[in-house]
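Participant: The structure is given below, and queries will be raised subsequently.
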Amino acid sequence: MAVERTFSMIKPDATRRNLTGAIIKTLEEAGLTVVASKRVWMSRREAEGFYAVHKERPFFGELVDSMSSGPTVVQVLQGENAIAKNREVMGATNPTEAAEGTIRKQFALSIGENSVHGSDAPETAAQEISYWFSETEIVG
Ligand code: ADP
């Protein structure tokens, strides 16, 4: 297995409930290492740009509202098979379908306010990391 980097976010619904530490603990226990991290309050424009792939979806407005409603912790995770491992520990998009022990099963409020984001493929990971971080901010 290769060591990979992936992009992760702790969304405003979770930072608002003071769940940042609990979520990072779950990620670290899964073998992922936080190699870059910062807290941002994204603008509507930044949220629209980040989620541009979803701009035609009916939930786009709600998603942008929610992502610009409070602080988000943006981070880069590193580890073996990090992209798939992070998706696994996050759980399904809809918390009612998420497996026991996953972050979304434990903490998500709804399909929209589902506490975390994680890249789904190497190409999106590279693109999403570079949306928020320069290479010098990542310390592996
Ligand atoms: P994931 O975050 O699991 O990769 P998607 O890429 O499909 O899921 O969707 C991106 C985000 O958009 C989700 O995490 C969620 O916050 C929001 N979202 C997805 N589907 C819905 C929906 N049906 N209603 C409201 N929000 C949604």
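Placement of Cβ uses the backbone N, Cα and C atoms for every residue, glycine included.
Automatic prediction, not curation, is the source of TrEMBL annotations.
As annotated by TrEMBL, active site, pros-phosphohistidine intermediate applies to His117. The annotation ATP binding site is assigned in TrEMBL to Lys11, Phe59, Arg87, Thr93, Arg104, Asn114. TrEMBL lists 3-140 with the feature domain 'Nucleoside diphosphate kinase-like'.
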Participant: Within 10 angstroms of the C-beta of Thr93 (ATP binding site), what count of other C-beta atoms is obtained when all protein chains are considered?
Facilitator: 12
Participant: Please check each of the binding-site residues Lys11, Phe59, Arg87, Thr93, Asn114 and report the ones with a CB atom less than 6 Å from an atom of ligand 1, ordered along the sequence.
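Facilitator: What lies within reach of ligand 1, judged by Cβ under 6 Å, is Phe59, Thr93, Asn114.
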Participant: I'd like the per-state residue tally for the domain 'Nucleoside diphosphate kinase-like' (3-140) from DSSP, helix first, then strand, then coil.
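Facilitator: So the counts come to 64 helix, 28 strand, 46 coil.
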Participant: Mind computing the max CA-CA distance among Lys11, Phe59, Arg87, Thr93, Arg104, Asn114, which the record assigns to ATP binding, rounded to whole Å?
Facilitator: 21
Participant: Most Cβ neighbours within 10 Å: which of the recorded positions Lys11, Arg104, His117 is it?
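Facilitator: That would be Lys11, with the most Cβ atoms nearby.
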Participant: Could you tally the C-beta atoms, other than its own, that fall within 10 angstroms of the C-beta of Arg87 (ATP binding site)?
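Facilitator: The answer is 17 other Cβ atoms.
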Participant: Show which residues of the chain containing Asn114 (ATP binding site), separated from it by at least 6 in sequence, have their CB under 8 Å from its CB.
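Facilitator: Sequence-distant Cβ neighbours: Lys11, Asp13, Thr93, Asn94, Pro95, Arg104, Ala108.
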